[in-house]
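Participant: The following feature annotations were taken from Swiss-Prot:
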- H127, H1006: Cu cation 1 binding site (BINDING)
- H129, H187, H1050: Cu cation 2 binding site (BINDING)
- H189, H1008, H1048: Cu cation 3 binding site (BINDING)
- H304, C347, H352: Cu cation 4 binding site (BINDING)
- H657, C700, H705, M710: Cu cation 5 binding site (BINDING)
- H1003, C1049, H1054, M1059: Cu cation 6 binding site (BINDING)
- 218-366: domain 'Plastocyanin-like 2' (DOMAIN)
- 25-1114: topological domain 'Extracellular' (TOPO_DOM)
- 1115-1135: transmembrane segment (TRANSMEM)
Amino acid sequence: MPRKQPAGCIFLLTFLGLSGLVGTVTRTYYIGIVEEYWNYVPQGKNVITGKSFTEDKLATLFLERGPNRIGSIYKKAVYRRFTDGTYSIEIPKPPWLGFLGPILRAEVGDVIVIHLKNFASRPYSLHPHGVFYNKDSEGALYPDGTSGRNKNDDMVPPGKNYTYVWPVREEYAPTPADANCLTWVYHSHIDAPKDICSGLIGPLLVCKEGILNRYSGTRNDVDREFVIMFTLVDENQSWYLNENIKHFCTNPDSVDKKDAVFQRSNKMHALNGYLFGNFPEPDMCVGESVSWHLFGMGNEIDIHSIYFYGNTFISRGHRTDVVNLFPATFLTTEMIAENPGKWMITCQVSDHLQAGMLGQYNVDNCKSDIFYPKMKGQQRRYFIAAEKILWDYAPQGYNKFSGLPLNASGSDSDLYFTQGDNRIGGKYWKVRYTEFVDATFTKRKRLSAEEAHLGILGPVIKAEVGDTLLVTFANKADKVYSILPHGVIYDKASDAAPNLDGFVKPGAHVKPGETFTYKWTVPESVSPTAGDPPCLTYLYFSAVDPIKDTSSGLVGPLLVCKKGVLNADGTQKGIDKEFYLLFTVFDENLSRYFDENIQKFIWHPFSIDKEDKEFVKSNRMHAVNGYMYGNQPGLNMCKRDRVSWHLIGLGTDTDMHGIVFQGNTIHLRGTHRDSLALFPHMATTAFMQPDHAGIFRVFCATMPHLSRGMGQIYEVSSCDNRDPSEQRYGMIRTFYIAAEEVEWDYAPNKNWEFEKQHVDARGERHGDIFMNRTENWIGSQYKKVVYREYTDGEFVEIKARPPREEHLELLGPMIHAEVGNTVLIIFKNKASRPYSISAQGVEEMDSGKQFQVPMTKPGEVKTYRWNIPKRSGPGPSDPNCIPWVYYSTVNFVKDTYSGLMGPLITCRKGVLNEKGRRSDVDYEFALLFLVFNENESWYLDDNIKKYLNKDPRDFKRTDDFEESNRMHAINGKIFGNLHGLIMNEDTMTNWYLLGIGSEVDIHTIHYHAESFLFKIDKSYREDVYDLFPGTFQTIELFADHPGTWLLHCHVSDHIHAGMETTYTVLRNIDNRIPYSTTSPGVASHPATVPSNERPGKEQLYFFGKNLGPTGAKAALVILFIIGLLLLITTVILSLRLCSAMKQTDYQQVQSCALPTDAL
């Protein structure tokens, strides 16, 4: 080798190493915002049924033009992708993407550059979820203290351009447990709800390293990928509503935009902008791997239960065929398509299904040599009939909680159980699945004592992986019915779905008097995953008319179990008790037997008005297995029994259920809880080993559901022969807490809305109704009652809240305890009416025999004791500390809305320091997201007297008045008035998110600029967390992005109603610590919070990091050295190349370790 050859190799190695250092992929997109007309039903018919829309009254409401109806075509603004900066050639997208913007893809380490041009007639922006951005690339308008160049991204005027730069940093990477590509979105964020309803939203996929092709950007790990947005597109919120009225209504001057029916006609229940099966069908082949990227957007009623007929999939390590989506919920599900045919994709929420939220997908036999696994397990036979029955929702005749008769005048149950001139009462004709012993259907199978609790539910169907189920169905009722199962595999011969797919499906319509045998298989591909419980809970139901059939009563539980889990008699090994609970509002107005029930039970049936609101309400039965107000039998167990609870949801968008187990906790995928959320067609399995004997409630914590009867009793007996020694408790932590009445201001500063300048359809600011005091609106100040901590039992001196607790605001003190501790609450009631203090998740002494803790009268002092057993602390998969809540239970609804609520944090042993604060994190924050309904407060009359100066008895309580009293608050503050969410850069924070409330309290909590981890069995990455009544969660957020950032609920109405604030991450430039859970003392709160622009100090953006002066200097030195090395390398390579060309007589190629030496 020539003498200089090693030097050349060294320089080339240096060059390639430096290239790798700075060689991140920049993925550049040219995006234009264009206005166009969008048709929600381009095929002009219901593709699922094949019928014309004129044959469907409800479809006509949405799709037919008229004097005051827009029809199916609307003007929208959409994102479109172009080839280059001339924006002259559009890059086509797959038809199934609908009006969504193009799919943007990147993997960890890449940089996304968006060149946006606004071709529309009004300003818009582009804001991403799931990636890093600086203030000049956030694309969101809100009061964040920035100006100048950091405001230019907030809105792009018509005809203008803007470039957004989003590095995909490691902190936003999918976790090992996440799918290879996480689903995110981008959307315009000037007025996000209106911008999105106008059409400006698209998918953004962030993948693990090595998943994307470096040049094409396509995935190399799956065969197919599809993106679907499920949302109720509210065209009433569109910026183009007036144009659409003028252009499409045949008599636009007759339109009343406030009319409820007109508004409903503009709410499009769509998949990517398509209704009633007009969604272009995604195609795939049997055996292919498919990634479904699903997300929701919208409002309080955007609760979606997405059901993929015919196949199952994995979602966050869990096997299922249904996932739930909410506004700004993003999911990646992974499917192996194994079942050929045309299958439906639907939202199983009744109202949404009826309004057209359904499409189809095709699984083709692309190869002739497809292998189908042979079922080697048992053949399990069931003989099930549909039988008409007279059902009693409360056979014991009284409210088991209050002891009152169900028809007691003025009681909560009176509306549902009083029979009369315009009321049916508590008995209805229904239809139920009943099990028989054989195919003759002459002898019913006797229910055992363990099955007494099933009520209206059909028999439990169970199978293990490898089994075949043969279900013979006899229709002994008087209507056409069927059986359709979740969670198993069936071919088209046993398909009971009602869609037209080219197959004759006799099992889809079994007439009265007929029988049909369904064959369902349980191959390995539908098995519970390693992280799933031994048996997955599903349901089966009649699908001839799935809304009417299930409202009539046809639903039952189905279990799919791992191999070897079931005993010979069908019970689960290692389980002592199994209970199956269906939580649903049975809407008897939708039953097939509604007219018959009117004729049978109403005293004057011909005078009834079926549209009367109170009559309609009286027929909505808030039941558990068809029982109300504690009338369900059979929920009995022994202390230390191993109990498996199988919980099922069904119904419509108000069927949002937060199921709470009083007195004991449940185990969910490695976590400890006492509650879980249920939605239509969702089912889950939870385990309990009760350690607390007594009589307890299992109930829905969604506030109206609780008062309307959706609660039952379960009893835990000591069974002394099975009672182990009691757990001993060590440290006693004592707190002096009082309930006291205060004047509370939800919005002392009203500048937030003025800065955002959001207006509604009438040109008024959205916040006016909540913040302004008029002759009919109370304004932002209310009398309330709150928990406050005192220094000692004299209750004279309130314990001052340190700066780290400033953010608690309305909430009571943050109580910390470790497993094995006892919490002693010395409680004084300084208010004017009785209250109490009770905590979820703990072992409350003196409870369990009277359903609620003792009340404390005004002026009294009472002691409450809470033990923290192991099951009240974090589970194996939980973070070190988990949240619960404490509140008053004298009247849970009114007490809570009046203000009595606080956080209880339970931790593993050794986590708390000597001051009772966490030693393992830098900051902790507790946030309660709740629409405080002041109409339900104990103090409403007081507030009317004081702030309106009117007599409450004479005051007319209009709809506007009641709306003005619904405060969409975070810790009791609205429109940016919650302060104290401050932390330093590069610190670990834990946030305790608390959900309480009613059907409107669906909250999707979005953190701008940061992502976080939440744990189920493993850790998962998100920047939005879904919160529901009765549910609580710890999220772990590493704060590494300095600035003031938006924190808000992503539900459209909640944004406009002020459920927003900001949090601030301070730079470490001065080593300032505003306050920290781990600091030795409590530092003073900083006088001012610095903005994202530091006056007089230049900043350098370097590989996704803002550098101060010292860092910038070091970076410049490094760049200079790299540049010098590259220059030297280039010169040497050039000289060597010239030398090589001149040496024509050189015969032999010398080699070193690099193939590039041939140059």
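Positions of Cβ are set from backbone N, Cα and C atoms, glycine also.
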Participant: When you measure from the Cβ of M710 (Cu cation 5 binding site), how many other Cβ atoms are you left with inside 10 Å?
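Facilitator: Taking all protein chains shown, M710 (Cu cation 5 binding site) has 25 Cβ neighbours within 10 Å.
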Participant: Could you tally the C-beta atoms, other than its own, that fall within 10 angstroms of the C-beta of H705 (Cu cation 5 binding site)?
Facilitator: 24
Participant: Far apart in sequence but close in space: which same-chain residues, 6 or more away, have a Cβ under 8 Å from H1050 (Cu cation 2 binding site)?
Facilitator: A192, P327, A328, T1004, I1005, H1006, V1024
Participant: Counting across all protein chains shown, how many other Cβ atoms sit within 10 Å of the Cβ of H1008 (Cu cation 3 binding site)?
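Facilitator: By my count, 22.
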Participant: Summarise the model confidence on the domain 'Plastocyanin-like 2' (218-366) as a single mean pLDDT, whole number.
Facilitator: 97
Participant: Closest of the binding-site residues to H352 (Cu cation 4 binding site), Cα to Cα, picking from H129, C700, H1003, H1008?
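Facilitator: So, of the listed binding-site residues, the one sitting closest to H352 (Cu cation 4 binding site) is H1003.
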Participant: In whole Å, how far does the CA atom of C700 (Cu cation 5 binding site) lie from that of H1003 (Cu cation 6 binding site)?
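Facilitator: Distance (Cα to Cα, whole Å): 17 Å.
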Participant: If you count CB neighbours within 10 Å, which one among the binding-site residues H304, H1003 has the smallest count?
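Facilitator: Candidates: the binding-site residues H304, H1003. Fewest Cβ atoms within 10 Å: H304.
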Participant: Among the binding-site residues H127, H129, H189, H304, M710, H1048, whose Cα is within 10 A of the Cα of M1059 (Cu cation 6 binding site)?
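Facilitator: If one measures from the Cα of M1059 (Cu cation 6 binding site), the binding-site residues that come within 10 Å are H1048.
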Participant: Compared by Cα position, which of the binding-site residues H127, H304, C347, H1054 is the closest one to H705 (Cu cation 5 binding site)?
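Facilitator: Minimum Cα distance from H705 (Cu cation 5 binding site) across H127, H304, C347, H1054 lands on H304.
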Participant: Are there binding-site residues among H127, H129, M710, H1054 that sit within 10 Å of H189 (Cu cation 3 binding site), Cα to Cα? If so, list them; otherwise say none.
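Facilitator: The binding-site residues close to H189 (Cu cation 3 binding site) (Cα within 10 Å), listed in sequence order, are H127.
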Participant: Three-state secondary structure of H1008 (Cu cation 3 binding site) from DSSP?
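Facilitator: SS state of H1008 (Cu cation 3 binding site) = coil.
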Participant: So among the binding-site residues H187, H657, who's got the most Cβ atoms within 10 Å?
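Facilitator: Answer returned by the neighbour count: H657.
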Participant: When the Cα of H129 (Cu cation 2 binding site) is compared with the Cα of each of the binding-site residues H1003, H1008, C1049, which one is closest?
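Facilitator: Closest recorded candidate to H129 (Cu cation 2 binding site) by Cα: H1008.
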